[in-house]
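Heads up, the thing below is written out as structure tokens.
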Amino acid sequence: MARGKAKEEGSWKKFIWNSEKKEFLGRTGGSWFKILLFYVIFYGCLAGIFIGTIQVMLLTISEFKPTYQDRVAPPGLTQIPQIQKTEIAFRPNDPKSYMTYVDNIDNFLKKYRDSAQKDDMIFEDCGNVPSELKDRGEFNNEQGERKVCRFKLEWLGNCSGINDETYGYKEGKPCVIIKLNRVLGFKPKPPKNESLETYPVMKYNPYVLPVQCTGKRDEDKEKVGSIEYFGLGGYPGFPLQYYPYYGKLLQPKYLQPLLAVQFTNLTMDTEIRIECKAYGENIGYSEKDRFQGRFDVKIEVKS
């Protein structure tokens, strides 16, 4: 039995290294070299085919604009202050209750201050009244970076933070800043004038994508009170000259046009649900995405 075990152990060692035939694991050095060379060439060819395929694919893709955008959803509508539960609740006589909202608006508006828009190589004045879409050429690097339209804080009126650093929260008249999310190459199409007849107090301009805020439910509409809008030229919406957006590579300092909404007479001690919607021929809404073209926020001013 001991001899059989020794014989088995010897054959195992011989398989690993056969000193007579100079074989390692049953193969000579030349055999190992040939098989390793085969696999190096084989996997090298596979890698070359893969890299070549990727390179060909990359040649068809622009780094400045997606090749296909037919399934890109319309832009979403967002409010500032940005809050997790879309609820704004505060007491006008308690600064601690609303300073989070004020700081949030402050931080967002920093890039809209005059001091941040001084460079004439980057920014340009696009007028104080709404105008047509601003075509800045093809989506490529032939013309270098594109200029960006300035947006003045003073256009936001009572909600600019210039005269009231609390944006109305100290007086129980909260401001909400509204922006349309960036979508590369998106060109807003304002609705026809006749299509807005069902929406009261909507100031029409063919070069403005209008926005309106109302109570979400019937009981909310009675409690919202008066609403003031502050935007470029006094229009409640987004002027077209700020579009289209050319992306971070061509417009790294791009500023979205803003609309400020101030609720000046909210019913106290009542949670009011408010919905704001943008209106346009290419603005859509989705039940699955409550921020697509609209948003709703709950506001409660406590005594």
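Glycine too: its Cβ is placed from the backbone N, Cα and C atoms.
What you see is a predicted model, and the numbers here were worked out from it, not measured in a lab.
Here Cys159 is paired by Swiss-Prot through a disulfide bond, and of Cys149, Cys175 its partner is Cys175. In Swiss-Prot, Cys149 is paired through a disulphide bond with Cys126, chosen from Cys126, Cys213. Minimal Cβ crowding within 10 Å, among the glycosylation sites Asn158, Asn265, is found at Asn265. Residues in the region 'immunoglobulin-like' (191-303) partition by DSSP class (helix H, G, I; strand E, B; coil) as 17 helix, 38 strand, 58 coil. Counting every protein chain shown, the Cβ of Cys276 (disulfide bond) has 22 other Cβ atoms within 10 Å. Comparing Asn265 (N-linked glycosylation site) with Cys175 (disulfide bond), their Cα atoms are 12 Å apart once rounded. Listed in sequence order, the residues of the same chain lying 6 or more apart from Cys159 (disulfide bond) and placing their CB within less than 8 Å of its CB are Tyr167, Gly168, Cys175, Val176, Ile177, Phe230, Ala260, Val261, Gln262.
When Cβ atoms from all protein chains are considered, those within 10 Å of Cys149 (disulfide bond) total 21, not counting its own.
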